[in-house]
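Enquirer: Below are the features I grabbed from Swiss-Prot:
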BINDING   H84, H183  heme b b562 binding site
BINDING   H98, H197  heme b b566 binding site
BINDING   H202  ubiquinone binding site
TRANSMEM  34-54  transmembrane segment
TRANSMEM  78-99  transmembrane segment
TRANSMEM  114-134  transmembrane segment
TRANSMEM  179-199  transmembrane segment
TRANSMEM  227-247  transmembrane segment
TRANSMEM  289-309  transmembrane segment
TRANSMEM  321-341  transmembrane segment
TRANSMEM  348-368  transmembrane segment
Amino acid sequence: MAPNPRKSHPLLKMINNSLIDLPAPSNISAWWNFGSLLALCLATQILTGLLLAMHYTADTTLAFSSVAHTCRDVQYGWLIRNMHANGASFFFICVYLHIGRGFYYGSYLHKETWNTGVLLLLTLMATAFVGYVLPWGQMSFWGATVITNMFSAIPYIGQTIVEWAWGGFSVDNPTLTRFFALHFLLPFLIAGLTLIHLTFLHESGSNNPLGIISNCDKIPFHPYYSLKDILGLMLLLLPLTTLALFSPNLLGDPENFTPANPLVTPPHIKPEWYFLFAYAILRSIPNKLGGVLALAASVLVLFLSPLLHKSKQRTMAFRPLSQLLFWTLVANLLILTWIGSQPLEHPFIIIGQLASTTYFTILLVLFPITSALENKMLNF
């Protein structure tokens, strides 16, 4: 019998073992679809971004008008830009749901996969931030100024780091040029990290909703999960194209229709909606360094998840108290997102401070205590 090139060819063999003959648990739900959706988001963003970069000029005098030119004069330029801008929002929706699923079902116990995932999140956040600056609108400029200025809170070397990042004494042409270079480069770093993420995942195999070892009951990835993923892709592309075609500016900031002006500060500086929860945590501490540390901790706390797992059960499927706590955390994050979009005045300040405190308390204190309590209740 002739050897099957799919199983013997060095390159095809790798693809086969990752996407075709990969043994997958038979009971993974739609919550496991988000990995492939994120791959689709990344591919879409790289493709649309490449097409946009062909028409973009990274210069403070031309950036804003080059984006307008893309939308007005380039064939389907408006569609490419709208898909890219709203694709970022859907990218983050998928990322947050993917992390939430990992947290709910205890997937963080695959430590290497989880840690590379958190690194991916940090890289994605950096990419989105530098990308937001490129259209050179008012909110782009002032967002860049405010967020990069945070690094000046680092004792002794802070101001030097900020001026080095800016390429001068304020956000100006050198800043825009380097941000464009970084925005072009980082998605390929994300693609590389994704391969590492997948390598670690396929080393241990996927988790499943029951949180038990599923070696005795595996099915091939293709055709079962490949078809399931295609359904997921369709369900993702439908709202994305709907948003891009019917209401492309829904999630954007109206300030960005005004070209950047260093002499006029917008009444309320805020980042894109997917960073608002972290922005609310940053603003809830009335000290610059404290705020920056809290901002960093709001994402870096995910690295501690494997260490804070005290339950004898892996998933939350059979842990009602932890479930209640998990959904409280979700509600808390939604409150933080809302607070981040509001001006810094009463009662939003105190709500933000309470929500920020609750966020860290749930993750660092209440989850381990609840897990230990559930172990005791179940006589583990």
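Any Cβ shown, glycine's included, is placed from N, Cα and C.
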Enquirer: Find, for the listed binding-site residues H84, H98, H202, the residue with the lowest Cβ contact count at a 10 Å cut-off, counting only other Cβ atoms.
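Expert: Comparing Cβ neighbours within 10 Å for the binding-site residues H84, H98, H202, H202 has the fewest.
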Enquirer: Starting from the Cβ of H183 (heme b b562 binding site), draw a 10 Å sphere and report how many other Cβ atoms land inside it.
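Expert: Its Cβ shell of radius 10 Å holds 22 other Cβ atoms.
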Enquirer: For H197 (heme b b566 binding site), write down the residues of its own chain that are at least 6 apart in sequence and whose Cβ falls under 8 Å from its Cβ; none is a fine answer.
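Expert: Counting only residues 6 or more apart in sequence, the Cβ neighbours of H197 (heme b b566 binding site) under 8 Å are T113, T116, G117, L120.
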Enquirer: What stretch in 114-134, 321-341, 348-368 has the biggest tally of Cβ pairs under 8 Å against the transmembrane segment (78-99)?
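Expert: By Cβ pairs under 8 Å, 114-134 leads among 114-134, 321-341, 348-368.
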Enquirer: I'm trying to understand the geometry here, so how far is the Cα atom of H84 (heme b b562 binding site) from the Cα atom of H98 (heme b b566 binding site), in Å to the nearest whole number?
Expert: 21
Enquirer: Quick test of the contact rule: Cβ under 8 Å, at least six residues beyond the ends. What residues does that give for the transmembrane segment (289-309)?
Expert: 99, 103, 106, 108-109, 111, 114-115, 118, 121-122, 125, 150-151, 153-155, 277-279, 281-283, 356, 359-360, 363-364, 367-368, 371
Enquirer: Can you work out which residues elsewhere in the same chain, 6+ from the ends of the transmembrane segment (114-134), have a Cβ less than 8 Å from its Cβ atoms?
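Expert: Hits for the transmembrane segment (114-134): 49, 56, 58, 63, 67, 88, 91-92, 95, 98-99, 102, 107-108, 140-141, 143-144, 147, 171, 175-176, 179-180, 182-183, 186-187, 189-190, 193-194, 196-197, 200, 271-272, 274-275, 299-300, 302-303, 305-306.
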Enquirer: The transmembrane segment (348-368) and the transmembrane segment (227-247): do they have three or more Cβ pairs under 8 Å, with pairs 6 or more apart in sequence?
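Expert: No, since the transmembrane segment (227-247) and the transmembrane segment (348-368) share fewer than 3 Cβ pairs closer than 8 Å, they do not count as touching.
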Enquirer: Quick check: in three-state DSSP terms, what is H98 (heme b b566 binding site)?
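Expert: Note: H98 (heme b b566 binding site) is helical by DSSP.
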Enquirer: Rounded to the nearest Å, what's the C-alpha distance separating H202 (ubiquinone binding site) and H183 (heme b b562 binding site)? Just drop the number here, would you?
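Expert: That separation, Cα to Cα, works out to 29 Å.
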Enquirer: Taking just the CA atoms, what is the gap between H183 (heme b b562 binding site) and H98 (heme b b566 binding site) in Å?
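Expert: About 23 Å separates the two Cα atoms.
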